[in-house]
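Read the structure below first, then the notes.
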Amino acid sequence: DFGRSSELAFVVEPSDDIAVQEQPLILYCQVEGIQPITITWRKNGAMIVDSENAFMLANGSLYVSRFQRLRGDGSSDEGEYDCMAQNHYGLVVSRKAKIQAATMSDFHIHPQNAVVEEGGVARFQCQIHGLPEPVILWHKNSMPVNTDNERYTLLPKGVLQITGLRAEDSGIFHCVATNIANVKFSREARLTVSGSRSSVYKDPMILVGPENLTLTVHQTAVLECIATGNPRPIVSWSRLDGRPIGVEGIQVLGTGNLMISDLTVQHSGIYVCAANKPGTRVRRTAQGSLVVQAPAEFVQHPQSISRPVGTTAIFTCVAQGEPPPQITWLRNGQILETSDHIKLKNNNSTLSIYGINQADEAIYQCLAENSAGSTQASARLTVLWADGLPSPPQGVRAETVSATTIQVSWEKPLQNTKEIIGYVLHIRKAADPVEMEYQEAVSKSTFQQLVTDLEPSTSYSFYIKAYTSRGASKASEVTVVSTLGEVPAMPSLFIKVINSTTVQATWEPSIKLGQHEGFKLYYRKVHLSQYTGPVLLASNITAYNITHLDASVVYEVKLLAYNQHGDGNSTVRFVSLRETVERTAVLNPPCDCMKDEQNNKTSTTGIIIGIHIGVTCIIFCILFLMFGYRGRLLMCKNVQEQLSTPQIPRSQRSATGLVLNGATRRDRDDRDLNGKQLDMNELERLFPASPSQEQQEKGITSAHSLSAPHDETQISTLPLDEFSIIEEQPDPLPKNPHGSSAAAPALDHGPANEG
């Protein structure tokens, strides 16, 4: 019962048909609903009047006694038929049934003679148009072709394929086309099979590839592909978009024809036939498109509804198909005209009726139609109206309070006011469609409402309804009023100091300030009462430089936007240029020429003195290094002499130090003595020493040896990688003959540190 109105609906609708010339035709139409019901028929939109040739049966069906494709007066029984049913609830119209005459044309493609070598492929084709589609059969030598032979393939479009030809396949072929309108025979064609099977290599070649097809769901598609070559090529199929072809309903006819049964919309696409040479990548391809159409069908039917007067009724009708169907709405069988209170949205899928009244009560139909077919569904709108409802509210007035506020007032209805439970104020912009309307509820004791949050300089319409528990009154008269204009908002002002006499004022772009004509800029010294300005600036200006300012005072800058309604609130900023002046003074101090000249002279003298001091330091450093190095070399000589002289191990401490410092490297030192030992004669030649000094040093060494025989401390300047310094705890010294302890001799840190 989907899509049916219980008061009036179709049980059976007329369907598309193909009629035979001079034969009777019946178009069925059956309706259910509340009697009395009147049924009428139309052809191409015009009423059909009962006549001897066409009249309506008692069950509502239309009977055509002798169908004529073309009558003597030029008329035809072909066309689009629909049936209409009406009762006191409304009128409905059936889907349109397309009636065509059965026909068959002459063959426009006949089979052609062919000479093919043995083992090859032969193909015959004949083509003819007709309604319904003719069935084509093939005859060989006036006898029907044996379809049980696997080498013979008959395709629905009038194609005969013979593969693996043999000598007995030679003969005369013709086709026979049959439908309810006629039977016709094509011309004959001779097939000659010549020679024996050739062993010469031939590249694969597609003789005939798939054609472009447009079919309807549930039909069968046959995509032809016949290929030749030596060796015999392998035929395969694929989709150009890469999607799998699938296996359900798929069948291969003959050696490579693709048949798809029970078509769906998902089968639409471009199909590619490929002929491959076995064992190689040599291939030839051909492609054809398949378009599968689907008649319109409903996904969501409109539902019958009941609504009180003054409310909104909404019908929804969603249909699908391929190509996508077009949706048309009817009201009692007539095309529905949209208006201020009747709107169609969402590609006509949604019908909205605002502020319904008794005149809107009717049966509404949704017709969905595409090139593959059409369908319809209906629903009834019942407008609830109760006796004793209030009359419309009276004296509706609207007064402008501000740029965003309007006050609406009214008086109670003249009749049936006892059951009123409240009022509803309907509001919308005068330029907006009805569906943009919104409502505000008001208590029954209130007769005015302040409507806020409106837009400035905008016209609004208002009307009132009184509500009871049984329904609403009719709408009051509509009143229209406009809000006041509004001054612009405060601009956002920023001040930037350019230099000691100039500042730059910038503000937000004009689009953020609402409706305005321009800006006014004022400025003054803070200790003065009078402003300089206004400086009038256009609405597209967002910056202005204020020049010739006094750097020693603070300035006040004021900016406001204005329009035809007046000046907006101003934004004030304070700015001081003193910091900029002070910062400039620090970065660029004033010039004292006499002082600078004296400073320059002092600086020159200081530079000369510094140079002399630097040169003197360099000379002293060189001398210090030279004499220090010479001293080191002499110390090395003394140490070498001491190392080469056998030592008397008087103290266990010195012996222990020798073992710790040199025992592990003794062998290596002996091996490297010649290589690492300095040529003392050469050093003395390069750095000659005074005899007195040398003798004095030797004397000092001897004196130490004689006067302090217990002191065996040696000073060494050998490289650090050969020796390491080990700190030892000294043994208690023996008392000297005079009764006092001998002090340990101090290490000469000068040469040792240098080493």
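Just so you know, the numbers here start at 1 and follow the chain as drawn.
Using N, Cα and C of the backbone, Cβ positions are placed for all residues, glycine too.
If you check TrEMBL, you get these features:
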- 645-655: compositional bias 'Polar residues' (COMPBIAS)
- 664-674: compositional bias 'Basic and acidic residues' (COMPBIAS)
- 690-705: compositional bias 'Polar residues' (COMPBIAS)
- 8-100: domain 'Ig-like' (DOMAIN)
- 105-192: domain 'Ig-like' (DOMAIN)
- 204-287: domain 'Ig-like' (DOMAIN)
- 295-382: domain 'Ig-like' (DOMAIN)
- 392-486: domain 'Fibronectin type-III' (DOMAIN)
- 487-583: domain 'Fibronectin type-III' (DOMAIN)
- 645-755: region 'Disordered' (REGION)
- 607-627: transmembrane segment (TRANSMEM)
Summary of DSSP states over the domain 'Ig-like' (295-382), given as helix, strand and coil counts: 3 helix, 54 strand, 31 coil
Other parts of the chain folded back onto the transmembrane segment (607-627), taken as Cβ under 8 Å at six or more residues beyond its ends: none
Of 8-100, 392-486, 487-583, whichever stretch has the most CB pairs under 8 A to the domain 'Ig-like' (295-382): 8-100
The domain 'Fibronectin type-III' (487-583): DSSP-derived helix, strand, coil residue counts: 10 helix, 50 strand, 37 coil
